[in-house]
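Feature annotation from Swiss-Prot assigns domain 'PPM-type phosphatase' to 48-356; the stated evidence is sequence analysis. What Swiss-Prot records for Asp87, Gly88 is Mn(2+) 1 binding site, and it gives similarity to another entry as the kind of evidence. Residues or ranges marked as Mn(2+) 2 binding site in Swiss-Prot: Asp87, Asp288, Asp347.
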Amino acid sequence: MLAAVMDYFRSCWGPRSPAGHRVRGSDVAGRQDGLLWYKDAGQLVTGEFSMAVVQANNLLEDQSQVESGALSMAEPGPQGTFIGVYDGHGGPETARFINDHMFHHLRRFATEHKCMSTDVIRKAFQATEEGFLSLVSKQWSLKPQIAAVGSCCLVGVICSGTLYVANLGDSRAVLGRFVKSTGEVVATQLSSEHNACYEEVRQELQASHPDDPQIVVLKHNVWRVKGLIQISRSIGDVYLKRPEYNREPLHSKFRLRETFKRPILSSEPAIAVHQIQPNDHFVIFASDGLWEHLSNQEAVDLVQNNPRNGIARRLVKVAMQEAAKKREMRYSDLKKIDRGVRRHFHDDITVIVVFLDSNAISKANWSRGPSVSLRGGGVTLPANSLAPFSTPTVLSSTY
């Protein structure tokens, strides 16, 4: 029985090679310490990386992946690195779905186009959204709550000396760039955010829905789309995109009183294209759980002023220390709080730091390098779980 359980955990979180084979070994797959999962250091075809995930929700709603090597199915084809951070809400289903499908779609479209481009990335987002909509359609009658599950989606692709950053929601990618004149490493945000707390997002929503004075509502001092959700773009959240799912048997707290004729939320990603320069040192990809507690420059300073090995774990720790400070409690006490209850203090946090090696990036264009396929981990519960069901306990851990 124990062997079967361990096989299940390995199947959920073990890394795969591009051919689909699992790579065994705790160092390769990352390590678990209480609610913290981490991979302190690893080598990509474009440089080094560090990765960490800490769980706060009863069900881990953050999903993440690092893929490095072939970016298409063609031989020869473009080589590079793919980063994905998927911050789910309402449950883990959408984020898990993106983790299973986004990179596959990207490789498929890169094969068709014979290159990497914004069109390839946009089509991968669209195919992932359509795939999840199809899943909702199949499961709606038995599991209507799945229509109210969604995810932010942050993707980074490094290929042929270019960094593409595509985003839906409020995860963030921040570049650390060395400024020769001052000797400082300065933070530059590469991603656009889609959260109603920003005036420009509210204006965009109002322009798209001029006949709806309640398209954004200030509720308990927080701006929300239709009074329900803070983000304006996502994968999933079908109940705010297709009116046929905004009805019974969906729970009444998600249903709008009035019907709608066009989607309220969008799945169109904002895509930035950045030509990598020698003074571009690293990029921090993280869910909003990190950015709630650290500014862009604070995060960049931490990466710049500390060893690469374990830097993602260090960022998570500093964010948790800030969360504890805000609640006037000790970090050591916060670590003892189990998933579920922990969400009252901080969100799930995912951090992936990618160091940009100009030499490796130039060599990786079409030549084979080390292949990496890794997914962020956590305390896993059954894949079909929609609702928390365990009693929180006190944990002991060393991070």
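Note: Cβ is positioned from N, Cα and C throughout, glycine not excepted.
Projection of Swiss-Prot feature records onto the structure.
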| residue | record | Cβ contacts under 8 Å, 6 or more apart |
| --- | --- | --- |
| Asp87 | Mn(2+) 1 binding site | Glu61, Asp62, Ala95, Ser151, Cys152, Leu154, Gly169, Asp170, Ser171, Ser287, Asp288, Gly289, Asp348, Thr350 |
| Gly88 | Mn(2+) 1 binding site | Glu61, Asp62, Gln63, Thr94, Ala95, Arg96, Val149, Gly150, Ser151, Cys152 |
| Asp347 | Mn(2+) 2 binding site | Ala56, Asn57, Ser287, Asp288, Gly289, Glu292 |
Checklist entry - Can you list, in sequence order, the residues of the same chain other than Asp87, Asp288, Asp347 whose CB lies within 8 Å of the CB centroid of the Mn(2+) 2 site? => result Asp62, Cys152, Asp170, Ser171, Ser287, Gly289, Leu290, Trp291, Glu292, Asp348, Ile349, Thr350
Item to check | Structural state of Asp288 (Mn(2+) 2 binding site), classified by DSSP into three states | outcome: helix
Checklist entry - Tell me, how many other CB atoms lie within 10 A of the CB of Asp288 (Mn(2+) 2 binding site), whichever protein chain they belong to? => result 24
Checklist entry - What is the average pLDDT across the domain 'PPM-type phosphatase' (48-356)? => result 95
Item to check | Reduced DSSP assignment, Gly88 (Mn(2+) 1 binding site) | outcome: strand
